[in-house]
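*Asks:* If you look up TrEMBL, you'll see A:12-30, A:102-123, A:135-156, A:201-223, A:274-299, A:305-327 marked as transmembrane segment. The domain 'ABC transmembrane type-1' annotation in TrEMBL covers A:96-328.
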Amino acid sequence: MAKYLLRRLNLFLATSAVLMLVLFLATRMFPVDLGVALTGVEQPTQEQQQQTIKAYALDGSGFSQYVAFLQQRLGGNMGISMTSQQSVAGELVDVLPASFELIIVTSLMALALGIPIGVLAALSNSKATQNVIMALTLTGYSIPVFWLGLSLSLWFGVKLGWLPISGQLNLLYEIPRVTGFVLIDTLIADTPYSMSAFKDAVLHIILPATTLAVFPFTVVVRITRAAMANVMTQTYVRAAEARGLSTAMIVLRHALPNALIPVLKSMGLMLGAFTSYAIVVEVIFSWPGVGAWLVQGIYQRDYTVIQSGIMVVALLIIFMSILIDVLHTATNPLSRKELYATN
Amino acid sequence: MPRISIYQEDHIPSPSRRLWEAFSANPFALAGFWAVIFLLIIALFGPLIAPYSPEMQDPKAMLLPPSWDPAGTVEHFLGTDDLGRDIFSRLLYGAQLTFGMALLIVATALGLGFVIGALSGMTRGLKSSVLSHLLDALLSIPSLLMAILVVAVTGPGLENIFWAVGLALTPQFVRAIHQAIHEELQKEYVTAARLDGANSLQIFWYVIMPNVWDTVIIQTTLAISAAILDIAALGFLGLGAQAPSPEWGAMVSQGVDNLLIAPWLVTLPGLAILFTVLAINLVGDGLRSALTPIRN
Amino acid sequence: MPLLDIRNLSIELDTPHGRVKALEKVSLTLNPGEVHGLLGESGSGRSLLARAIMGIPGHNWTITVDRMMWDGKNLLELDSKERRALMGSDIAMIFQDPSGSLDPARSVGSQIIEAMPRNAELKFWQQKKYKRQIAEQWLHKVGIKNPDDLMEAYPWEISEGECQKVMIAIALANKPRLLIADEPTTSMELSTQAQIFRLLAKLNQVHGVSILLISHEIETLTHWCDRLTVFYSGQVMESGVTSELINSPRHPYTRILLEYLPNEANPHAHKAFMPSLQGSAPALQHLPIGCRLGPRCPSARKQCVAQPLLIHEKDRYCACHFPIRYDENKHDHTAS
């Protein structure tokens with residue numbers, strides 16, 4: 001197991017290094033002066049220029065430049081934003097929690113609804129139920145997320161006026177920032193209106209989270225259904241039936257644990273597409289997260305923001321996918337079998 | 001012993017014939033199949049059918065609703081936008097951009113991914129490892145971020161989509177093909193063929209490939225639907241096709257300004273995307289379930 | 001009174017080729033305390049019969065039966081819940097794929113403990129310890145020396161033989177009156193096979209468990225079973241006490257099967273063909289009408305296109321229009 005973890009760590013480092021190389025090369029291709037692309041200072045003084053050359057080893061060989069780039073970026077120095085002249089790292093800390101909040105709520109929604117419906121679809125014998133569920137998931141899978149977001153906000157936000165369609169919280173509420181997660185901040189805020197602010201935050205997250213949840217929900221339903229249908233034909237399920245166990249017991253004790261393993265794996269594969277969708281959703285609902293911030297950055301040709309935004313998001317994805325892989329191995333005794341076989 | 005034929009022989013259809021039979025037994029898949037053919041025809045001949053040019057502005061008919069609305073006219077079947085451009089014609093032209101472009105990108109990515117995946121799958125050791133992991137880093141950059149990166153380098157435009165989506169899709173093909181080949185290589189029938197004296201090329205083409213095609217086909221259908229959604233999303237964000245272009249995603253973003261007074265400007269291109277992706281997914285789903293019994 | 005009495009059970013399967021009668025008018029009588037062998041080629045529907053008895057049919061099955069009695073109770077009148085309860089307590093089954101019969105995602109121990117009966121006198125927090133004790137006792141009884149190690153392991157970490165022993169322990173823990181063993185020793189080594197059979201025989205003698213042993217190996221069945229039922233392609237050919245069946249087969253199929261048994265006397269000439277039936281067992285979509293052995297039977301005649309009834313005669317059942325007469329068999333034996 002230790003060997004396996006070491007190998008995963010190795011993979012993480014190698015992939016990250018290649019990613020950084022891609023970014024490093026892309027930075028030199030930006031249509032601005034290299035120093036500006038690296039630091040974000042548009043009219044640098046003589047002194048600043050000297051400092052940049054020194055920090056990024058611009059007079060050294062390509063390799064030493066890359067190493068210096070790595071040192072600066074991983075050390076937390078991402079330069080300053082070309083538009084706001086604020087530190088990019090600071091802005092990132094501001095926008096990341098909002099994205100996490102959206103993604104966590106969305107994932108919970110998708111899993112909490114997707115797994116039971118998937119199980120239901122697998123266990124149901126009626127052709128009609130199965131067809132309806134499959135048709136719904138296929139449609140959900142094919143729907144363009146920006147269009148779905150626009151339509152939902154048109155109906156529920158504008159025509160019916162039930163839900164707010166932009167931002168995280170009504171601007172009237174002044175909530176001190178503690179964790180960065182608005183849902184938590186409003187709850188712990190020491191103000192008389194903290195409860196109503198929390199309700200407002202919940203209302204704000206419903207539309208973006210629903211829009212974003214459609215895609216992972218459909219994936220979870222489809223994979224749970226397929227895995228469940230497969231597991232239910234296995235001999236051990238039949239053996240459990242022969243032992244006189246009730247269907248509910250079999251599903252909970254034997255079938256579901258086995259069926260959820262591929263679901264976990266599919267979550268890892270879904271990360272990339274999910275992130276793309278999250279960016280679009282953040283833009284549509286003006287959600288103050290990384291995605292909206294990045295897209296704003298590209299509109300304004302803010303190269304430092306683009307670079308570090310991509311770096312952080314991609315690193316997070318690499319980390320998450322390897323984490324899911326490790327979790328998958330840790331929770332699944334069967335994959336440990338394969339490990340023994342390969343070692 | 002004499003061979004006695006007691007039972008009438010069952011005609012055993014060829015694998016492709018069986019695939020088609022299983023596929024066409026599913027009405028949804030068949031519907032998707034015809035829809036895809038319909039879309040292909042539109043992508044090829046759309047400009048010939050379209051009554052107007054996509055950029056022609058009719059100052060007398062601005063924000064005209066679709067023809068089934070009392071205020072609509074038959075001349076502009078699906079209505080017009082705020083500049084008086086005919087939506088129907090724009091949708092027809094857009095098929096070429098969104099659907100045609102997706103096919104082109106996937107074909108390129110498939111070709112590239114196939115070569116790299118096959119090379120890395122058939123070889124062993126360091127070379128294989130480098131080839132297969134080289135693109136893993138790209139795999140972790142979602143297509144949208146890749147597009148942002150490409151746009152940052154070259155500026156927005158339709159060509160960039162080609163690079164952005166292509167770069168995001170290629171590693172998926174590489175990985176899928178690499179894994180499929182690698183899995184097949186472990187099996188006994190490959191060893192048997194090798195013992196029969198087949199060389200690597202023969203093993204690759206005659207022994208392994210027939211068992212890998214289904215992976216390739218499934219991956220391709222997945223990639224086409226992903227590519228369409230990505231192209232549209234990029235067009236919507238203004239990172240891909242630019243303003244006057246009739247690309248469907250761009251059309252949605254152009255219609256957003258008039259969302260409240262002319263919702264059809266957003267609904268129609270959105271439905272076009274939904275219809276296209278749904279058709280592709282139906283075909284992909286049908287193919288997958290038709291291929292599964294053959295695989296087992 | 002027989003423990004299990006089935007009359008004219010038919011199972012129809014819905015396949016892509018249409019509805020197929022996989023089991024046709026099968027009758028089976030099982031007396032308490034006996035080891036009953038079910039002999040037949042693979043695909044002759046033995047496992048279907050076992051699953052029908054257990055009440056775990058597949059989704060595309062249609063079962064019709066004239067009578068299905070379990071110890072005087074009519075199984076047809078029970079609803080599925082009562083049926084499940086009965087299965088849990090009175091009938092147990094072990095499968096031909098022992099390692100697949102255990103949930104791969106959970107340790108063997110947790111599955112054994114789950115299957116142990118609860119002791120009504122104990123409080124619920126004492127149950128687990130009690131169940132573990134019982135489990136270890138049973139594992140010991142089925143011949144596993146170090147139960148602790150085994151209980152820690154996952155199903156794929158232990159051998160097929162051990163898996164089957166675990167399955168037997170699980171099956172017996174509820175003290176069933178009938179154990180259905182569906183090819184319990186396929187893909188096992190000979191010594192392990194012998195262990196399993198000896199274990200089953202011991203259980204039969206010590207605990208009085210009736211066993212329905214399903215196999216295609218005529219040698220093992222004739223060795224271990226009190227009674228045999230011979231299956232061919234979903235029909236019962238012949239049934240009777242093992243020794244009588246061997247000495248005087250009445251059905252042509254049984255006789256040919258018996259010729260496959262190694263015979264030290266070697267009645268055949270050197271380099272002669274091994275006696276065997278011509279052709280092969282029919283596929284499900286090409287079942288012949290009437291007696292399904294018909295097209296391959298050496299003594300088939302025109303009448304064989306109608307299915308022969310199972311004729312009861314002196315504790316023997318035989319379904320053939322032209323059964324072999326007793327004196328014919330005698331004659332054969334003297335000749336050899």
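The count begins at 1 with the first shown residue.
Each Cβ is built from the backbone N, Cα and C atoms, and glycine gets one as well.
Give me the local environment of each listed feature.
*Replies:* Proximity of distant same-chain residues to the transmembrane segment (A:12-30), defined by a Cβ-Cβ separation under 8 Å and at least 6 residues beyond the stretch ends, is recorded for 37-38, 65-66, 69-70, 73, 303, 307, 310-311, 314-315, 318-319, 322.
Listed as Cβ neighbours of the transmembrane segment (A:135-156) (distance under 8 Å, sequence separation of 6 or more from its ends, same chain) are residues 162-163, 165, 207-208, 210-212, 214-215, 217-219, 221-222, 277, 280-281, 284-285.
Within the same chain, residues 101-103, 105-107, 109-111, 113-115, 117-118, 121, 133, 136-138, 140-141, 143, 145, 148-149, 152-153, 156-157, 163-165, 167-170, 182-183, 186, 262-263, 266-267, 270, 273-274, 277-278, 281-282, 284-285, 287 sit at least 6 positions outside the transmembrane segment (A:201-223) and bring their C-beta atoms closer than 8 Å to a C-beta of that stretch.
With a cut-off of 8 Å between Cβ atoms, the residues of this chain six or more beyond the transmembrane segment (A:274-299) that come close are 81, 83, 91-92, 94-96, 98-99, 102-103, 106, 145-146, 149-150, 153, 165-168, 207-208, 211-212, 215-216, 305-306, 309-310, 312-313, 317.
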